[in-house]
Amino acid sequence: MAAPILRGVRKLLKYMDFATVPRRHRHKKKWAATEPKFPAVRLALQNFDMTYSMQFGDLWPSIRVSLLSEQKYGALVNNFAACDHVSAKLEQLNARDFVNGTISHWELEPESGQSGAPSPASWACSPNLHCFTFARGDVGRFPPARLGSLGVMDYYLMDAASLLPVLALGVQPGDIVLDLCAAPGGKTLALLQTGCCRNLAANDLSTSRTGRLQKVLHSYVPQEIKDGNQVRVTSWDGRKWGELEGDTYDRVLVDVPCTTDRHSLHEEENNIFQRSRKKERQMLPMLQVQLLAAGLLATKPGGHVVYSTCSLSQLQNEYVVQGTIELLANQYSIEVQVEDLAHFRRLFMDTFFFFPSCRVGELVIPNLMANFGPMYFCKMRRLT
């Protein structure tokens with residue numbers, strides 16, 4: 001599989017120049033002891049200013065200041081804890097369940113023209129998820145999660161936009177599910193909260209990151225769930241999953257490594273804009289295509305895949321989706337259809353700001369009134 005994918009995505013790389021620094025900012029290396037330091041966070045901001053100002057135009061200044069400001073979080077209720085009690089405590093903080101409240105309202109008041117008509121299967125959200133957020137403009141913080149009366153943590157703090165790919169996946173009871181790039185574990189935990197996974201394979205190539213995933217499962221999931229072979233944690237090369245377990249899964253989440261835009265602007269540690277990681281950064285779209293292709297090959301015909309990143313980059317988002325679909329059609333005669341998520345955007349537009357001009361998929365953009373994201377996600381169905 002690797003050879004045709006490598007050939008199929010080379011043309012993506014010629015469009016890339018992730019690390020170009022304007023000439024006026026360059027410096028000549030004279031002596032190692034006096035070489036001026038150029039922090040990775042500064043290099044990331046310069047890169048984003050050059051690329052995203054062109055991509056987003058007049059929207060970029062507001063996105064930029066939001067990315068540089070404090071992130072907003074949601075509290076994902078742990079259904080393995082005393083969830084009714086936990087929800088009541090979160091409501092006392094004046095937070096609301098943006099998932100359940102929105103979906104319940106939508107079911108009671110369907111869109112005009114949809115009254116009485118059954119919703120397409122692609123509209124279904126993964127069930128049983130409860131995530132509390134503060135209202136737009138409210139910069140309140142949730143207290144740290146605590147160990148509850150049932151021996152597991154009460155809730156998991158995460159960027160609430162990170163729950164959208166899991167909701168869009170539309171997991172149904174009895175599904176066999178793969179989380180191909182699972183660490184650090186928030187989305188894996190959310191998939192387990194649905195109560196629908198007959199089996200869940202949670203994979204990440206990095207053993208240190210799967211260690212973090214195991215810690216999340218230990219803190220939030222009862223031992224009997226972990227012992228019952230419902231969850232399988234592995235550290236395999238996700239690019240080879242189509243060869244290892246092809247045509248196996250009902251639903252696959254492919255939350256790929258990316259430039260992690262918000263992290264890259266705030267943290268020097270593990271920052272992909274470090275000079276030593278330039279080649280890795282430039283190769284990201286190729287890796288992302290390989291992972292998405294493997295996820296689609298691991299899916300049963302008729303199954304669904306959601307691709308997601310926490311980047312604003314078109315090269316890592318729409319271009320990867322479109323390039324992978326073209327690649328599978330040409331190299332494997334596999335037809336993949338992008339699902340329309342416009343209804344999804346309308347459903348959650350009171351909680352998040354969505355970019356209105358994505359070619360495929362949906363993109364949550366940071367905004368000071370609701371400083372979630374960035375989060376790109378695209379739902380696909382494998383037809384053949």
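Backbone N, Cα and C atoms are what each Cβ position is placed from, and that goes for glycine too.
Nobody curates TrEMBL annotations by hand; they come from automatic prediction.
The feature active site, nucleophile is assigned by TrEMBL to Cys310. Close to Cys310 (active site, nucleophile) in the fold, though at least 6 residues off in sequence, lie Asp159, Ser162, Cys258, Thr260, Asp261, Arg262, His263, Gly373, Pro374, Met375, Tyr376, each with a CB less than 8 Å from its CB.
TrEMBL lists Cys181, Ala182, Ala183, Pro184, Gly185, Gly186, Lys187, Asp204, Asp237, Asp255 with the feature S-adenosyl-L-methionine binding site.
For 79-383, the entry in TrEMBL reads domain 'SAM-dependent MTase RsmB/NOP-type'.
Across the annotated binding residues for S-adenosyl-L-methionine (Cys181, Ala182, Ala183, Pro184, Gly185, Gly186, Lys187, Asp204, Asp237, Asp255), the two most widely spaced Cα atoms sit 20 Å apart. A sphere of 10 angstroms centred on the C-beta of Gly185 (S-adenosyl-L-methionine binding site) encloses 26 other C-beta atoms. Confidence annotation: the domain 'SAM-dependent MTase RsmB/NOP-type' (79-383) carries a mean pLDDT of 93 in the model. With respect to Cβ neighbours within 10 Å, the binding-site residues Cys181, Ala183 differ, and Cys181 shows the lowest count.
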